[in-house]
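This is the structure I want to talk about, given as structure tokens.
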Ligand SMILES: Cc1cc2nc3c(=O)[nH]c(=O)nc-3n(C[C@H](O)[C@H](O)[C@H](O)COP(=O)(O)O)c2cc1C
């Protein structure tokens, strides 16, 4: 078992990475159903929290069924980040996570996200301000460093541990890499193997199959793995990784019934959380990936995305079960998207 302060996780936990516009409560619920051991909200701006913007307030929503869950915040100002931590404290998530990894220019230019990687003293002060402001366990998610010349994650890990963080998730890229190249897990392993480090170290970056997850577990010795892009459109990745680690065998691809169940479950949560109209609307982008592989799906897809009536959506999903009875999905490789590919540094 792995402990983050008082949070007990199973051996080699699988974490759903925080992802803006992805890791909302409806999506988190289906990842939890499929084996995610710890999940996070989308990142939330500390300024937005203090100003109580509707977007930020909504992102604070967490539900008991998804616990343990962390709320992730970002910001480049100690006072404001500390205040945001106090607000998060009142929501009572299981932990508070600080984002020091986001590479997006608009955030970095304000000295937040991975922008903080250029000023480790500030990063330490920001973290200390959060630890002081909340009773929650504070964790950090970051990258290896700013660029190839400043891969200072080993120093960062020690200093953040010294000011009280309870776990560290490391995306094995620098900020300047954005999503280019491959994640460097050697350096993540170095942090893990540093005898000074006693907090859990979670590896993140490019896990896209059960085989890779097991290989990286064995090779790099991290305490657990955080999975991001591979879960988008495929929440079954968690159960597949777990099964493979436990048995050395690959699970068959999810059946049609399982896929329809996930669609319905996420739809219902989406309706509950967003309300009927936007709940139905928000689900539309998911059907194509959840049901990928069905031949001649276009007509059903059109029906799924052209109604505003949730009961009608469920009826179409039931029709699918009849129309494709006996259909067996093939296990296909997961493609990881290179986000921010055309983003200027
Ligand atoms: C669409 C998208 C949104 C993301 N949003 C966040 C975020 O809000 N907070 C964060 O710490 N990282 C965010 N990330 C980074 C992921 O958490 C993760 O570190 C990264 O995708 C690498 O892991 P992967 O290779 O498993 O996808 C985001 C990534 C993607 C693809």
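Every residue gets a Cβ built from N, Cα and C, even glycine.
Sharing the feature lines straight out of TrEMBL:
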ACT_SITE  102  active site, proton donor
BINDING   72, 141, 171, 228, 229  FMN binding site
DOMAIN    15-318  domain 'DUS-like FMN-binding'
Just the number: how many Å between the Cα atoms of residue 171 (FMN binding site) and residue 102 (active site, proton donor)?
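Between the alpha carbons of residue 171 (FMN binding site) and residue 102 (active site, proton donor) there are 10 Å.
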Roughly how many angstrom lie between the C-alpha atoms of residue 228 (FMN binding site) and residue 102 (active site, proton donor)?
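On Cα coordinates alone, these residues lie 13 Å apart.
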What is the interatomic distance between the Cα atoms of residue 141 (FMN binding site) and residue 102 (active site, proton donor), given in whole Å?
9
Just going by other Cβ atoms within 10 Å, which of the binding-site residues 141, 171, 229 has the emptiest spot?
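Each of the binding-site residues 141, 171, 229 was scored by Cβ atoms within 10 Å; lowest is 229.
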Rank the recorded positions 72, 102 by the number of other Cβ atoms within 10 Å of each Cβ, and give the residue at the low end.
102
Return the maximum Cα to Cα distance in Å (whole number) over the record's FMN-binding residues: 72, 141, 171, 228, 229.
18
Across the domain 'DUS-like FMN-binding' (15-318), what is the average pLDDT of the model, as a whole number?
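When the pLDDT values over the domain 'DUS-like FMN-binding' (15-318) are averaged, the result is 97.
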Any idea what the Cα distance is from residue 72 (FMN binding site) over to residue 102 (active site, proton donor), rounded to a whole Å?
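About 12 Å separates the two Cα atoms.
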Determine, to the nearest whole angstrom, how far the Cα atom of the residue listed as 'active site, proton donor' is from the Cα atom of residue 229 (FMN binding site).
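That comes out at 14 Å between the alpha carbons.
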Would you mind checking how many other C-beta atoms are within 10 angstroms of the C-beta on residue 228 (FMN binding site)?
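Neighbour count, Cβ to Cβ under the 10 Å cut-off: 20.
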